[in-house]
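This report refers to the structure that appears directly beneath it.
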Amino acid sequence: MNFEKTDDDELHKDMVKAADKREKTKREDSALSFDSVSEASELKNSAEEAWNRSKEAKDGMLTALTAFYSLFLTIFALVLELSHLLSGEVQRENSPKDLIFGLYMYGVSNLFFIYMYVVLLLDPRWYWIIDAVKTHVKRFKTYEPSVSSAVATVRKVTHCGPSTGSLFLRLGCVVFGVTGIVYYSFLVFLCSADSSCPSLSLSLDACAIMFIFTQMHIIFCNSKLTITGHHTAARFGTMHLIAANLWTWIRYVLMEEGVMEKEIQGVFRTINNKSNPVMNEEMDEAFAHREVDFDSGCRAAECILGSLSEVMFTAIVEYSLIAAVVMYIVWRNIGKCGHGTEYVKRKHRIRVDCSKTTTGLFLGLAFLAATFTSMAVYYGYSILGKSRNAAYAYALTDISQYIIATIGCVMAIYQLRELIYVEKRNYQLLKDQELLDQILLWLGLVGELIYSVAGLVGLTGDRPWKPLAFILFFVHIFRLIQVGTQTFLIYLAARVRVGSSNKEDQPGKQVITFLLVANLSMFLMNLFESEKPGISESIIDFYGKRSWVFLVRSFSPLTIFYRFHSSVCLAEIWKNVYANK
């Protein structure tokens, strides 16, 4: 009897335990279900978060707003500068609205440079000094170096980001920038010596000097700059710099266009006033006395500097183009490294392997010597008033240069077949520098193509063909061939590298060295000769319509820049493709 009672008690206990277990399991299932519903609700609320509460959305909106701000300033500057060219002004004069707009562009840019140096680029040790001075002045506050050090070590910039330009591009930017500073300094000197010069004009030129010099220093010394703090101010500032550089570029391109328009009008006016039907004699006499018509209407700086002012205009155009693209890359890199990222110092050393370059270097020097000889012949004919002979010398030199450079490009492409293709080597670090090089190279390439194609169309007009016209026709043909071949070479060489099997031979390095010097030679020749009135005036008669001349001459600065940037790309190829590392 007792045994039966014990069994019943144990059975009852087991039933109670089973019921408790089922209840506990049910409660756990309910809790899990509630947690799942809560998580789903949180995800739903997160997915439906308003845009003004999303950091990513606000960053995107502000980024788009900065781009719109730069676009507005650029369009306003374009319309403002075009108004001078389209109004038919005999001499371009800076109106108060031009001076006010220029002071705004350069003034805000200089303020942003001060902000960069004081807030973004300032060394942390200066924060300690400032804190110590504050403590010494206030007295009631004790100096805590550990706290100051902790705050100061959080840098707002770093130098570990993608490169915003190679050393050779930055050196070119410095050369162009120094030329621009010389020009603006000369304007300041002339304005300060002239009592009738408005003070706003003097202030504008002084601000331009500060703008060019400071931006040149930032570009040269901060090639891998990435801004990690104060994103909104940095984005607005860099976009303002882009607009300021584009305004400067537009301004001086249109100033060159205005000078060319006056020159062509003067030449045709002189020719049309002649009664002698012999065209060659009329043109020669008009070209020989072309300076008479322009001396009375030039600005003080243009009168004193003469044709050198056009070289300075071109240098300012090239500088502005480089600076605008570099600042665009800086704008893209803002925020790519998180705030508080470990600060990486700037590197100041460079290693260069100069082996296997002797033959290419001396062939390039021979090419350079021949170019300078041709320039001397050109200047000699120009001084003697023989513009037609100067045009022949220039055109024949062009054909020879393009043929030799094309042969060099073909040889380089053939020799580079032995190198290995490297797919996306350090792609994350190099993609921005590659984007920068591609933008600049394609800008120059577009200018070269429009220049050559427009010249070909103008030469194939209804006028009778003469010997110089045939030479100019082949100049444009060989120019197109050389530009296309060289662009393909640069594109190919940027994606190959010397392998272990041919490190001793280094195939293609001699030819790359020669092409580097050859492009520098053509850059110097185009810079100092293609802007001259003599060569342009001698070719005008064969283009048929003056509108084609305006189109061709408008893109002349881009053709000069193509030669410069090709030299930069070839120098990077020369340094990186054959690197011993």
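Easy rule for this one: first residue shown is 1, then count along the chain.
A Cβ is built for glycine as well, from the same backbone N, Cα and C atoms used for every other residue.
Worth saying up front: this structure is predicted, and the values here are computed from it rather than measured.
Residues or ranges marked as compositional bias 'Basic and acidic residues' by TrEMBL: 10-30.
Positions annotated as region 'Disordered' by TrEMBL: 1-40.
Within its own chain, the transmembrane segment (61-80) is flanked in space by residues 51, 97-98, 101, 105, 231-232, 235-236, 238-240, 242-244, 246-247, 250-251, 331, which lie at least six positions past its ends and keep a Cβ under 8 Å from the stretch. Under the heading transmembrane segment, TrEMBL lists 61-80 (among others).
Panel annotation: around the transmembrane segment (100-122), residues 73, 76-77, 80, 94, 156-157, 200, 203-204, 207-208, 210-211, 214-215, 218, 222, 227, 229-230, 233-234, 237, 240-241, 243-244, 247 of the same chain, lying at least six beyond its termini, place a Cβ under 8 Å from a Cβ of the stretch. The transmembrane segment annotation in TrEMBL covers 100-122 (among others).
What TrEMBL records for 167-190 (among others) is transmembrane segment.
Among the features that TrEMBL reports, transmembrane segment is placed at 202-220 (among others).
Per TrEMBL, transmembrane segment is recorded for 232-250 (among others).
Annotated transmembrane segment per TrEMBL: 311-331 (among others), in sequence order. Below 8 angstroms of C-beta separation, residues 66, 162, 164-165, 169, 172-173, 175-177, 179-180, 182-183, 212, 215-216, 219, 225, 227, 235, 238-239, 241-242, 245-246, 248-249, 252-253, 255-256, 305, 432, 435-436, 439-440, 443, 527-528, 531, 557, 560-561, 564 of the same chain, each at least six residues beyond the ends of the transmembrane segment (311-331), sit close to that stretch.
Outside the transmembrane segment (359-379) by six or more residues, the chain places 390, 393-394, 397, 400-401, 404, 509-518, 520-522, 524-525, 528-529, 535 with a CB less than 8 A from a CB of the stretch. What TrEMBL lists as transmembrane segment is 359-379 (among others).
Counting only same-chain residues 6+ beyond the ends of the transmembrane segment (391-414), those with a CB under 8 A from a CB of the stretch are 367, 370-371, 374, 377-378, 381, 468, 471-472, 474-475, 478-479, 481-482, 485-486, 488-489, 492-493, 508, 511-512, 514-515, 518-519, 521-522, 525, 529, 534-535, 538-539. If you look up TrEMBL, you'll see 391-414 (among others) marked as transmembrane segment.
The transmembrane segment annotation in TrEMBL covers 435-457 (among others). Within the chain carrying the transmembrane segment (435-457), a Cβ under 8 angstroms from the stretch's Cβ atoms is held by residues 163-166, 169, 321-322, 325-326, 328-329, 472-473, 476-477, 479-480, 483, 487, 490, 494, 543, 548, 551-552, 555-559, 561-566, 568-569, 572, all 6 or more beyond its ends.
Note on the transmembrane segment (469-491): residues 392, 395-396, 398-399, 402-403, 405-406, 409-410, 412-413, 416, 441, 445, 448-449, 452-453, 455-456, 459-460, 463, 515, 519, 539, 542, 562, 566, 569-570, 573 of its chain, located 6 or more positions outside it, place their CB under 8 angstroms from a CB of the stretch. For 469-491 (among others), the entry in TrEMBL reads transmembrane segment.
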